[in-house]
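One structure is given here, and the rest of the page talks about it.
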Amino acid sequence: MTIFHFFNCAILTFGPHAVYYSATPLSEYDTIGTSIKSAVVYLVTALVKLVCLATFLKVSESDSFDPYQELLKALIGFIDVAGLYFALTQLTHRNISQNHKFQAVGLGWAFADSVLHRLAPLWVGARGLEFTWDYILQGLEANANLVLSISLAALGSLIWLRKNKPKSLIPIIYACAGIVATMPSITSYLKLALGWHFPKVVGFELFTSLVMAFISWQLFAACQRPSN
């Protein structure tokens, strides 16, 4: 039963990444190399973030919300944006369109995040004797992160790669990218300051990811229309 629960949680956590790759044109254009490169960039970015967090943040003795500490975390979190910029603009990609490039980069980014932050807790905890919903919720959280990562990659693609975008949409694109990039700080505020429990936070992440995916899709479609 414990192994069965572990595999169920693992499929819920990592399965959507494989489904997204195989169900979209990414598999037809063989973009796995781009996803692997972006995953490596994510791992390097995570290492840089870890060093910065260990250097500039003090160890908190309580679980209370500290605005100064959370602001530092949010600023350090923008290292992810720098890593995503590098993955989108500096890595060599096969001859794939901008549509497929940001999807492949976002997919590799989200998969590396899930492996780094969820594989070990899943392996240790989901095989326990006592059933818990926590690892199912972590799987749902990984799905929300997949959608948010692809949305952020789409917005980053519009910011850094799309030159002829409508000027009226530029502030909206930057605002949406800022919201997605600061989602870890937003969820931290909900948990520590407002006292939200994990299921409620995951529900918020799922809802927000769907909303941001819809907005990103609309913005991307609007920027692709020929200007009059």
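Yeah, the Cβs are placed from backbone N, Cα and C, and that goes for glycine too.
All TrEMBL annotations are machine predictions without curation.
Taken from TrEMBL, the feature transmembrane segment applies to 39-59 (among others). Proximity of distant same-chain residues to the transmembrane segment (39-59), defined by a Cβ-Cβ separation under 8 Å and at least 6 residues beyond the stretch ends, is recorded for 69, 72-73, 76-77, 79-80, 82-83, 86-87, 91, 108-109, 111-113, 116.
If one looks beyond the transmembrane segment (71-92) by at least 6 residues along the same chain, the residues whose Cβ comes under 8 Å of a Cβ in the stretch are 34, 37-38, 41-42, 44-45, 48-49, 52-53, 56-57, 101-102, 105, 108-109, 152-153, 156-157, 160-161, 177, 181-182, 184-185, 188. As annotated by TrEMBL, transmembrane segment applies to 71-92 (among others).
Per TrEMBL, transmembrane segment is recorded for 104-124 (among others).
The transmembrane segment annotation in TrEMBL covers 144-161 (among others).
If you look at the transmembrane segment (168-190), the same-chain residues 6 or more away from its ends with a CB under 8 A from one of its CBs are 65, 70, 73-74, 77-78, 80-81, 148, 151-152, 155-156, 158-159, 196, 200-201, 204-205, 208, 212, 215-216, 219, 222-223. Summarising the annotation, TrEMBL assigns transmembrane segment to 168-190 (among others).
The annotation transmembrane segment is assigned in TrEMBL to 202-223 (among others).
Tertiary neighbourhood of the transmembrane segment (144-161): same-chain residues 16-17, 20, 81, 84-85, 88-89, 98, 101-103, 105-107, 109-111, 113-114, 173-174, 176-177, 180-181, 183, 202, 205-206, 208-210, 212-213, 215-217, 219-220, 223, selected by CB-CB distance under 8 Å and a gap of 6+ residues from either end.
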